[in-house]
């Protein structure tokens, strides 16, 4: 077994026992990137010098008997949406090409303090707007299970890097499913924490009331360990929740016997791939065999979730992206004749088609005469969606559903059909509108060898419950041991 075949916690155990060094693991990760990334294209940039320096420092701490954390020395990748001091950060956009942040995002600082070498920045849909990684301004990433297909998005580079075993884990962000959907498409675990559980300070904003960073790993236990490092209140983020952080690993092995798990009937609809439905329904039966009770529940306003999301998220994006004008950082149009030209030409040249589409949608929703009819109404429906979940959680401990309606699709298949692309998040975005935690865990493969994910949704701040439920299923299977055919 190669070092890169180990999970985060397996590697951490070897580091603690002196059976491997962080420098060896980091060099193995860098070698794996060199070997397979020409096919996967998960990385936008690799910080070899920084990662190796951090690895050597980790080895020195372990040698002196003072590791910074249980994960000290475990190499990690970062979605290119997190500000990294001294390392270019683009959010997958031309408009930020060449931007080198002067400080770290809070989660990056926490990872560094915990001793994890950061190997590099991972590809993503531009400003996290997309479900296939094809809106990246630089190149699309490829799914390690079939390189002609998408790894999902917007955190597709993070998912692909973990699935290809280029890194032991990664961080992504989830605004409407951008951690969970690519996790489902790549046989990885993706956890979107409760809104406010993880700091957004230093995370380039898409939709501020929806964005949430989270872990992407090969196993549930790894996700719990990584969440433990990054989950905490942050005075620099006004939306950060001042809620106690539990030990996410404490009850991982507690099982599901006696739990009530809801199955929302609105999440099993026409348009779902038959093989996806079959895999998910088999997972539901597995939970019954493990001692859980399945309960049919209804989330009646789910049918309005997609329209609600695509009013609220673009409205927030149109405001957040107004700051990119060529004056302070990133791209500046060279052929401008006036300040007005600088603004207009920089945005014309710097933003891609999908970002422009969403800015226009959001500007329209907020415009005079349409604000009440569209944006305000969407916010009211958002409240109804949140109330649906509140009622459901009075009956059950968690909800189970597919993560994605289909397995990974061919690159180029949906790029000219925005609505079809938006439908990829139909099962994931209601959770963001309600601010709830959600997790995707591998639950099988199609006949063509494409991964399928099971989504688990929970009460606010019950990430520990989701991890426990996911682990009960994962314990019965070896999906995470399977290697992508690279």
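Residue positions begin at 1 at the first shown residue.
Note: Cβ is positioned from N, Cα and C throughout, glycine not excepted.
Summarising the annotation, Swiss-Prot assigns active site, charge relay system to 79 (among others). Classification of residue 79 (active site, charge relay system) by DSSP places it within a strand.
For residue 154 (active site, charge relay system), the number of other Cβ atoms no farther than 10 Å from its own Cβ, over all displayed protein chains, is 35. The DSSP secondary structure for residue 154 (active site, charge relay system) is coil. Here Swiss-Prot flags 154 (among others) as active site, charge relay system, drawing on sequence analysis.
Reduced to three states, the DSSP call for residue 178 (active site, acyl-ester intermediate) is coil. If you look up Swiss-Prot, you'll see 178 marked as active site, acyl-ester intermediate.
Counting Cβ atoms from all protein chains shown, residue 178 (active site, acyl-ester intermediate) has 37 others lying within 10 Å of its own Cβ. If you take the Cα of residue 79 (active site, charge relay system) and the Cα of residue 178 (active site, acyl-ester intermediate), they are about 11 angstrom apart, rounded to a whole number. The two recorded residues residue 154 (active site, charge relay system) and residue 178 (active site, acyl-ester intermediate) have their Cα atoms spaced 5 Å from each other.
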